[in-house]
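> Sharing a structure, written as structure tokens. Questions coming.
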Amino acid sequence: MSKLDQILVLDPPSDLKFRGPFTDVVTTNLKLKNPSDRRVCFKVKTTAPRRYCVRPNSGVIEAGASVNISVMLQPFDYDPNEKSKHKFMVQTIFAPPNVSDMDALWKDAKPDDLMDSKLRCVFELPCENDKMNDVEATKAAPVMNSAKGDPSATTVPAATAQLDDTEMKKMMEKCKRLQSEINKLVDENRQLKDDGVRMRKAPRSDHMTTNSTSLLGREAPTASLPSLLVVIAAIFIGFFLGKFIL
């Protein structure tokens, strides 16, 4: 009697791939599907039992059901020049109507009733391009998240700086104009004071005294006017400088 073909469908069907680095436990998954209308018992074996941990490594799959198996490779020093010779075998058998002792079932099973599938272990290391892409993606993630959280983050500072420069120029021009006006008013005030001193020192007559009195009467408010303008200009300069500094 010829050996039975494997009834289960394996995914992956031939290779178990483990992706490094292998400085920590690396896990890959194996899916077993039972497309038949009978219960199937399975057992997973390996040529390197000390290097792998398999959960579950045996059991029963109901008709039409499937089971996921985790194959965990233990850490080791990987040599890319050394080819892997590790292999796995999934062994199956149709379950009898009443099965209670799985160990006795496998021990008493006839070779012709057993079905098996072999899988090869393949070790892979991430290529340099993948490493660079992972590093760039890690660096770019915070920047992208910041840009998504605040879309105007890159434009607002530039616009604010430009606005500050424009206001600064306007303030400086206003300060220069006010300073120029103050200088003119100070000169005019000094000139008026000098004229008043000269008129008081000159010889007086009754006519001149009368005229001088009327003239001084007119000059008094005129002389006080530049002083008032100086005070107002100083207040404006203080206001604009205070706004610019704050």
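Cβ atoms here come from the backbone N, Cα and C positions, even for glycine.
OK, TrEMBL features for this one:
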COILED    168-195  coiled coil
DOMAIN    7-124  domain 'MSP'
TRANSMEM  223-242  transmembrane segment
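Are these features on the surface or tucked inside, and what are their neighbours?
In the predicted structure, the domain 'MSP' (7-124) carries a mean pLDDT of 94.
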> According to DSSP, how is the domain 'MSP' (7-124) divided among helix, strand and coil residues?
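DSSP composition of the domain 'MSP' (7-124): 10 helix, 57 strand, 51 coil.
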